[in-house]
Ligand code: IPE
Ligand code: IPE
Ligand code: MG
């Protein structure tokens with residue numbers, strides 16, 4: 001028998017109760033958390049307060065993802081292009097990351113969450129690297145949700161990194177040119193052992209990928225909302241999942 005979870009969704013047009021099919025909860029949800037700056041601007045606040053408010057949303061969404069039994073949640077927190085922002089903003093983001101990890105890891109650990117990261121973290125301040133590694137060490141044996149933080153992450157950078165590593169394997173004689181296939185490429189990405197995202201959510205209205213999970217999103221369902229990340233609620237996540245469950249994923253084949 002199917003197991004359903006009902007909830008009220010104020011934003012749904014019909015304003016009626018939406019029911020999620022708990023048997024087909026997506027395995028992997030990836031989120032482009034956008035709109036912190038605009039959220040703050042609207043309120044005449046500095047952009048950094050928008051980022052701070054955005055951290056609260058991460059807390060709520062992680063909790064809800066755990067409750068729904070989602071296995072992987074990847075959040076785009078800092079792109080390879082975000083270094084172009086003023087140093088003050090970049091520093092504030094790094095500080096928030098450290099604060100988040102210091103404050104939340106114990107709680108995340110008690111929820112059974114594994115805290116991982118993707119991206120080239122060697123370019124982040126040492127303290128960020130240390131806190132990320134500590135968080136992973138503390139949580140790696142958990143078997144609940146994997147919270148995957150994309151930091152200094154860029155899809156092109158990831159593919160480049162994979163190509164270099166594969167070339168190196170060939171040079172060392174561990175792999176031959178004919179052995180390279182899609183599986184080999186996937187194994188050399190930062191997301192090794194993580195299934196491709198079922199849904200990519202983007203907040204704040206933009207309809208682009210901004211260099212997120214370029215290889216992995218080949219057949220992901222894209223879902224976007226005008227809601228800015230600090231205003232994104234668990235009911236928005238439920239709405240995204242509901243829409244996902246009503247889509248027809250054909251992967252190029254026929255129904
Ligand atoms: C997303 O919010 C967070 C990061 C990119 C770090 P933005 O900072 O991009 O917010 P907007 O797009 O300027 O509103
Ligand atoms: C994408 O948002 C990166 C993150 C959410 C971390 P941006 O705000 O950087 O993307 P663009 O500049 O609008 O494409
Ligand atoms: Mg933005």
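Placed from the backbone N, Cα and C atoms, the Cβ positions cover glycine too.
Noted in TrEMBL for the protein shown:
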- 34: active site (ACT_SITE)
- 34, 221: Mg(2+) binding site (BINDING)
- 35-39, 47, 51, 79-81, 83, 85, 202, 208-210: substrate binding site (BINDING)
- 82: active site, proton acceptor (ACT_SITE)
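What TrEMBL annotates, mapped onto the structure for a quick look.
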| residue | record | Cβ neighbours (10 Å) |
| --- | --- | --- |
| 34 | active site | 22 |
| 35 | substrate binding site | 25 |
| 39 | substrate binding site | 25 |
| 51 | substrate binding site | 23 |
| 80 | substrate binding site | 18 |
| 82 | active site, proton acceptor | 17 |
| 83 | substrate binding site | 11 |
| 202 | substrate binding site | 23 |
| 209 | substrate binding site | 16 |
| 221 | Mg(2+) binding site | 18 |
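Distance between Cα atoms for residue 37 (substrate binding site) and the residue listed as 'active site, proton acceptor': 13 Å, as a whole number. In terms of C-alpha distance, the listed recorded positions 34, 82, 221 place 34 closest to residue 202 (substrate binding site). Taking 34, 80, 221 as the candidate recorded positions, the subset whose CB lies under 6 angstroms from any atom of ligand 2 consists of 34. A 10 Å cutoff on Cβ-Cβ distances gives residue 37 (substrate binding site) a total of 21 other Cβ atoms nearby, all chains included.
Only 34, in sequence order, out of the recorded positions 34, 51, 80, 82, 209 have a CB under 6 Å from ligand 3. Ligand 1 lies within reach of 34, 35, 37 from the recorded positions 34, 35, 37, 83, 202, 209, judged by a C-beta closer than 6 angstroms to any of its atoms.
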